[in-house]
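Structure first, commentary second.
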Amino acid sequence: MSELTLTVMRLGFLAVLWLFVIVAVQVIRSDLFGTRVTQRGSRREAGRAQQAQRQAPPQQRQQPASGGRQRRNAPTKLVVSEGTLTGTTVALQGQTITLGRAHDSTIVLDDDYASSRHARIYPDRDGNWIVEDLGSTNGTYLDRSRLTTPTPIPLGAPIRIGKTVIELRK
Amino acid sequence: MSGTSATNTSTHHTSTIGAIGAPSRRNTELALLVFAVLIPVFAYANVGLAINDQVPAGLLSYGLGLGLLAGVAHLVVRKFAPYADPLMLPLATLLNGLGLVAIWRLDQSKLLQSIGQAGGKATNQLIYTAMGIALFAVVLIFLKDHRTLQRYTYISMAGALVLLLLPLVPGLGAELTYGAKIWIQVGSFTIQPGEFAKIVLAVFFAGYLMVKRDALALASRRFMGLYLPRGRDLGPIIVVWMISILILVFETDLGTSLLFFGMFVIMLYVATERTSWIVFGLLMSGAGAVGVASFEPHVQTRVQAWLNPMHEYTLSRTPGATGVHSEQAMQALWAFGSGGTLGTGWGQGHSELIRFAANSDFIFATFGEELGLAGVMAILLIYGLVVERGVRTALAARDPFGKLLAVGLSGAFALQVFVVAGGVMGLIPLTGMTMPFLAYGGSSVIANWALIGILIRISDTARRPAPAPAPSPDAEMTQVVRPS
């Protein structure tokens with residue numbers, strides 16, 4: 001076998017081995033670089049941010065969650081706009097989001113007026129986001145009305161749970 | 001990572017919300033698995049071309065054999081652990097495949113054949129791999145929930161001790177020992193029970209620490225910035241230490257005792273979050289190693305070969321020199337040195353010059369010579385990824401037992417890689433252990449496939465989407481809003 005062929009195979013093998021490592025790391029890149037990290041001020045700053053938010057329309061600094069799959073005007077994230085978790089965002093990727101004081105909730109509410117399993121937000125078959133009250137003590141409010149049935153969420157409508165207000169944004 | 005919560009209210013700047021409802025990613029696994037089978041096939045062809053100037057005759061059967069085994073493993077995962085981690089199986093398959101190629105490559109060496117260290121070993125290893133995959137499948141099929149293992153905490157302890165003591169039983173311990181007494185003879189097979197004891201012991205530690213961790217973590221006094229544990233809590237660590245020292249003394253197996261003690265300290269640290277355990281662990285392993293090394297001649301030889309490899313090599317070649325001298329430490333270093341950055345290429349090195357155990361304990365030197373620094377780094381990264389997936393599984397697991405077990409198993413895996421690779425590269429004294437998946441040896445391959453099986457089971461449970469919210473067990477009173 002010629003020297004050249006063997007050299008090519010030698011370097012080729014190393015390249016393929018490293019390619020495998022790189023592909024493997026690509027598979028788990030969300031572990032290495034984290035998912036969406038949101039800047040969130042301390043509580044005092046959060047208060048100021050809250051006031052600013054009331055005056056100005058919310059800033060849209062984040063890139064949309066998962067590109068072309070979603071329709072236009074579909075919300076891409078859930079934002080907590082009032083309460084102790086102000087500033088927290090959760091990317092909407094087709095998963096059910098549970099809210100409540102229970103530790104396994106997606107958003108754990110540190111709020112005495114929230115029930116352990118207070119409400120959940122999920123997409124229906126057409127991709128509309130639905131909020132459903134899970135039999136909470138104090139109820140879940142969409143805009144001003146208390147929820148009795150699972151209800152589609154309009155973009156930007158405030159959902160109030162205890163002292164916490166969340167909304168869906170693009 | 002479902003169930004990640006935004007409770008980060010006290011700290012200042014960031015909070016991370018993990019992606020929820022993870023997809024099963026079985027197709028990713030399949031694609032990577034195909035890749036992981038093709039790489040060793042490429043290497044196999046490369047070895048044949050380099051040594052015999054032709055594509056080896058067994059290429060097709062080897063490729064099909066490895067591919068079939070990987071395919072079976074994949075189907076079992078798809079059926080019985082659909083949400084498992086997508087990386088572990090391809091990574092283990094790649095390591096196993098590369099090990100097979102390196103063993104086959106050493107089989108071709110006339111020198112090793114003439115001293116009975118090679119020839120037909122690759123076929124044996126392929127059979128062991130098949131048995132390993134079979135055990136992997138058995139673990140996934142019959143272990144529906146890793147928490148069942150929790151019931152066998154103390155049986156595991158007894159089982160591990162029995163496994164460790166088996167080589168000392170007269171008539172059962174194999175006589176082919178070279179220094180360490182870690183094999184047992186069953187029929188014509190020799191088994192290394194320590195490899196299996198590793199897994200069983202991890203089960204015991206996880207079950208024990210889950211129950212005792214609060215006592216171990218909280219009941220302590222503060223002294224000079226360290227939390228000193230109470231005497232009665234120190235008991236278990238002392239017992240494990242004594243056991244590992246006793247293994248070292250009676251079986252002269254430095255590696256296994258280091259592995260067990262290290263695994264226990266890692267799990268203790270993870271269970272209690274107290275740095276003081278690490279300090280204690282390091283002090284005690286240091287004291288134990290120095291103490292044993294001062295009177296055990298076998299260990300002394302290893303330490304000498306570590307400190308002065310060239311001197312020992314010269315002595316081993318000097319006729320009339322007294323005592324046992326190891327030449328392998330220096331030979332392994334030469335193998336790495338002649339490999340350089342990019343290696344000599346498959347089949348073109350001379351690592352068979354490490355005559356004894358070239359395809360088991362020293363197989364890493366073959367990789368070092370033929371693939372060079374670049375290849376060795378890639379292989380170490382692959383090991384690192386296996387460990388990373390294990391620790392990630394522990395983070396994602398919802399039950400403390402699963403967390404501890406995953407940390408313990410991946411910690412043991414990491415320690416074993418460190419002890420072997422460090423020993424062959426001359427960072428620490430050589431110990432007679434096998435590189436997981438790469439080295440020749442049935443017990444090691446089979447036990448490590450079982451280990452990967454348990455990790456995949458835990459990761460399946462951890463990544464499985466949570467069931468619909470049930471009536472809350474931890475319900476507290478919710479204050480009622482009174483309109484005023």
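Every residue gets a Cβ built from N, Cα and C, even glycine.
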For the annotation region 'Disordered' in TrEMBL, which listed range does it cover: B:105-124, B:465-484? B:465-484
Chain residues in Cβ proximity to the transmembrane segment (B:89-106) (below 8 Å; excluding those fewer than six residues from its ends, i.e. six or more beyond): 29, 32-33, 35-37, 39-41, 43-44, 47, 51, 62, 66, 69-70, 73-74, 77, 112, 117-118, 121-122, 125-126, 129, 132, 346-347, 351-352, 358-359, 363, 366-367, 370, 379, 382-383, 385-386, 389, 435-440, 445, 448-449, 452, 456
Are the transmembrane segment (B:437-456) and the transmembrane segment (B:256-272) close enough to be called in contact, which here means at least 3 C-beta pairs under 8 A that are separated by 6 or more residues? no
Please give the sequence-distant neighbours of the transmembrane segment (B:57-77): residues at least 6 beyond its ends with Cβ less than 8 Å from one of its Cβ atoms. 26, 29-30, 33, 36-37, 40-41, 44-45, 48, 84, 89, 93, 96-97, 100, 104, 126, 129-130, 133, 136-137, 140-141, 456
For the transmembrane segment (B:30-51), could you work out the same-chain residues 6 or more beyond its ends whose Cβ comes under 8 Å from its Cβ atoms? 59, 62-63, 66-67, 70-71, 74, 86-87, 89-91, 93-94, 97-98, 100-101, 104-105, 108, 345-348
